[in-house]
Amino acid sequence: MSNYQEIVNLNIGGTRFATSWHTLTWVPDTFFTALLSGRIPTVRDETGAIFIDRDPNLFGLILNFLRTRDIDLNNVNIRALRHECDYFGITPLSRRLALCDEMNHSSCGDVLFYGYLPPPLNTSLPNSRNGNSVSRKNSTASTSDVAANRTHSRNSSLDLRTVGRIPSQDQLSRCGRGHSRAASLGNTDSHKGLRPPEVTTWQENMKVQIIKAHHNWIAVAYTHFVTGYRLTDSCGWYVIFQSPVQDSVIERIALNAKTGGGATSGGTSSSGTDVMLGIASGPLVRLWAFSTHTEPVRRTLIGTFNLGVRVEHLLFVGPQLVALSGAGSRSKAGVWHTSTQHWQTQDVAHLTTYDTAGSFLLLGTATGAINYIDMQKFPLRMKDNDLLVTQLYKDPNQEPITAISVYLTPKTNLCGNWIEIAYGTRYGSVRVIVQHPETVGHGPQLFQTFTVHQSPITKVSLSENYLISVCSEYNHVRSWRVTRFRGMISTQPGTTPKAAFKVLALEAPTAQPHNDCGPYGEQDEEQIFIQKVVPDTDTLYVRLASDGKRVCTIRSVDGSAVSCFVVAECEGALRPRRLLLCGHRSGAAQMWDLTAPIDRAARPAPAAAGTAAPAAEGDESPAADGGPTADELVRLLSACDLDAAPHSPHSPPRPAQP
């Protein structure tokens, strides 16, 4: 065929089109130029029309553009149309659609975007294969006990706009960094299989593994080191310290920062230790203290402690560092107390879950017992090297306890009275036990039991207004509204069902501790879930824990996948803010201020005149703006290998009631 006016008959997905040779080929180097020149083999239907197995509706839009060089995008899925344009190689239209798509997305984020912390540039990383360090700038970082001088990295500074954009891949070529390794990472997608092993190692090591926050501090953990940031009103977020590079992989971290006291107007402490950082690798725990009132920042290694088994949880209860391991009959608890400077371990058989309340550490076990350790009295009650783990309550059916939540009523005192505990079991039961003034001396009493779940309970939260439980069936959530009288949970009119929904998350089990869906938030405020549907995604859905309503949708400003996240209340700003802190595979950390959208979502909508009455108790009408829509879910799952995704565990058979 050489006549440009010759008619070409097409069968696109069962729909017939007729157009001219010239219309299909005026854009050079496309699918159609290759097809009509014979470089691509053709398949014809019974009428002789060329068959192409694509969407006929989207092809009709593309064909109209080829005819008129114009297009109407009303009620058009731009993403899907752009995908078809890329398939057919219609570059002029694809570029227009890309610009339209980017009009709704900015590297500066939307109104909720709060800040961006770039990955470190000059950290040496251990290489287990040859013993050499892999450095991003071929330099070796100092590992002395005195940390390097503080380098400011405010959100508006220039280095955040250049160095901080490393994860966006295609922008690396425009950063002007010469021939550094960072610049060579910009074309990783086009050179797969050709990258040197040390580059792949560097990329994996520089992924943010864990992110933690306390007061106005953030600790960002990579594979072999931790970087600490602090927020002040005058300087914003800036780097304060960096831990020594660890030979072993960091698996858990804990952060404890001081506030008030000797703080000056500039946000620095006049004396003492500002922050303590615990790092766990296998059974070993290392604890550092950082004093930021001196220049340079002084780092002190308090000690290296051995729990004896792999540390599964690392946390601070007040100033005490606690390490827990739930290794069946070999479960252990380790405590370092700041007053005695003493590390102490004890066997806590069959440890399964924990929660904290004031100075108390409550431990749930597989035997159905709830134990506690009083950290405040710990240094005064040491007996035969015993942590004095005391049993508080025993489940009536001895069901293994898999989740626990403690609510201290406003009148709770340090003696442990006026306490309420909700816990979940392996067999799907949710129970509430209480210890009010009238029950003093008898221990907690069983108050209420719910048996609505058919799978093991993974999370439970008892707050001022709601009781929320999550089971292992794709994070199925049930919520109840709690009635209180003078601050105490009441039976009149009692706990009433609120909502049922799922927070689907197809996350690998090894990554779940650092991608915890929640619920997050203080017990006297509205709590939220953070939904990360698939492992490699740049999108998170923020939802109210009480009814599943979507608060907002968070998307990475540079397109890099979220590797971990946490929600924390930051107290270093002019007013407290609830921040979503996201660590990314690129090594950067991004922050989002959720304060305003949570307040708006939790505020009841005003009832307009003539509208229907509020839903009655037990009416469950899932909100259309809850989790991802069907289209959003399909788009997310298209990039996920469902065969490799974890399956929802089945509930074990419920034992017969006695």
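Heads up, the Cβ atoms here are built off N, Cα and C, so glycines get one too.
Record note: among 15-42, 43-70, 603-630, 603-630 is the stretch given as region 'Disordered' by TrEMBL. Secondary structure of the domain 'BTB' (6-75) per DSSP (helix as H, G, I; strand as E, B; remaining residues coil): 24 helix, 16 strand, 30 coil. Confidence in the domain 'BTB' (6-75), given as mean pLDDT, stands at 90.
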